[in-house]
Amino acid sequence: MVPESPYYLLINGKEEKAKNSLIYFRGDKDIDKRFNQLKHDVQQQMSESGTWKDLFTIKSNRKALLAAVFLRFTQHTSGFSVLITFTQFIFQKSGGNLSQELSSIIYTGVQMALNFIVVTFIMQRVGRRCCYMTSTGGNGIVLFFMATYFYLNDYTDIDVSSFNWFPVASMISYQIFASFGLNVIPTLMMSELFSVSIKSKAIVLAVLMFGAGGAVANYLFYSINTSAGFFTPFYVFAGCNIITAITTYFILPETRGKTLEDIQQALKNDKLY
């Protein structure tokens with residue numbers, strides 16, 4: 001029902017299908033100038049050797065790889081994978097009135113709806129870097145208050161029973177901020193940062209980082225939870241989010257409204273920062 005991307009079709013020599021795909025995605029039949037530019041970009045990028053060595057020795061590839069690894073790594077240090085994996089456990093710990101199952105359904109539904117809204121209406125207007133900074137910075141604040149709630153509940157005599165809705169509200173707030181960046185930008189930018197010749201190799205490394213990071217984050221959450229208290233991992237994730245929000249300004253390039261060739265040239269000339 002959805003055609004392949006024009007880039008993919010041009011790489012495989014299917015120019016007519018690439019034209020039709022471009023018309024489909026742009027909603028405009030006057031695409032000759034844009035199509036010729038795409039052909040030129042693909043030909044230029046396919047002329048590169050695209051070896052594993054190029055991924056590390058070419059300056060623009062190193063910058064793109066740094067940004068990709070940064071995005072995938074900070075997804076996990078933000079608490080993203082932990083909150084998904086331990087959703088029901090967190091809701092059980094909160095002792096709220098909603099069942100664990102219903103809370104998880106609400107949480108997942110909010111996540112999917114917000115991702116759609118942000119990608120469709122906001123991200124193209126604001127920019128990738130600003131969205132990611134907002135996402136991680138906002139979640140740093142949310143997780144700080146969430147950690148404080150669990151600390152007060154577990155380690156003080158303060159009665160917080162009237163606020164047992166707070167973890168659910170915090171999780172939903174987390175997803176509101178995550179939808180601005182953490183949920184979508186790492187995947188989106190994988191297709192924007194790398195030239196055609198090197199993209200597959202770079203994505204392999206990014207996916208390996210994502211998988212390893214998820215396993216480590218979940219293990220650390222469980223270990224810190226059992227040794228230092230349930231609230232402690234949330235303080236750690238809160239701190240990581242704040243650090244990520246600041247670091248994003250210096251590491252993550254802005255790619256909004258740029259073609260793949262524009263991005264490659266800008267990476268070479270330090271014009272995306």
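The backbone N, Cα and C atoms fix where each Cβ goes, glycine too.
Taken from TrEMBL, the feature domain 'Major facilitator superfamily (MFS) profile' applies to 1-256.
Per TrEMBL, transmembrane segment is recorded for 65-90 (among others). Taking Cβ pairs closer than 8 Å, the transmembrane segment (65-90) reaches residues 55-56, 100-101, 103-104, 107-108, 132, 136, 139, 143, 167, 171, 174, 178, 182-183, 185-186, 189-190, 193-194, 202-203, 205-207, 209-210, 213-214, 216-218, 221, 233-234, 237, 240-241, 244, 247-248, 251-253 in its own chain, all 6 or more past its ends.
The annotation transmembrane segment is assigned in TrEMBL to 102-123 (among others).
The feature transmembrane segment is assigned by TrEMBL to 130-152 (among others).
Marked as transmembrane segment by TrEMBL: 172-190 (among others).
Taking Cβ pairs closer than 8 Å, the transmembrane segment (202-222) reaches residues 55, 61, 64-65, 68-69, 71-73, 75-77, 79, 81-82, 85-86, 186, 190, 193-194, 233 in its own chain, all 6 or more past its ends. Per TrEMBL, the feature transmembrane segment maps to 202-222 (among others).
Sequence-remote contacts of a segment are chain residues at least 6 beyond its ends whose Cβ falls under 8 Å from one of its Cβ atoms, and for the transmembrane segment (234-252) they are 66-67, 70-71, 74, 77-79, 82, 128-129, 132-134, 136-137, 139-144, 146-147, 150, 189, 224, 273. Sequence annotations record features per position, and here TrEMBL assigns transmembrane segment to 234-252 (among others).
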By Cβ distance under 8 Å, which residues at least 6 away from the ends of the transmembrane segment (172-190) in the same chain are close to it?
67-68, 71-72, 74-75, 78-80, 83, 106-107, 110-111, 114-115, 117-119, 122-123, 128, 131-136, 138-139, 142-143, 146, 202-203, 206, 210, 252, 255
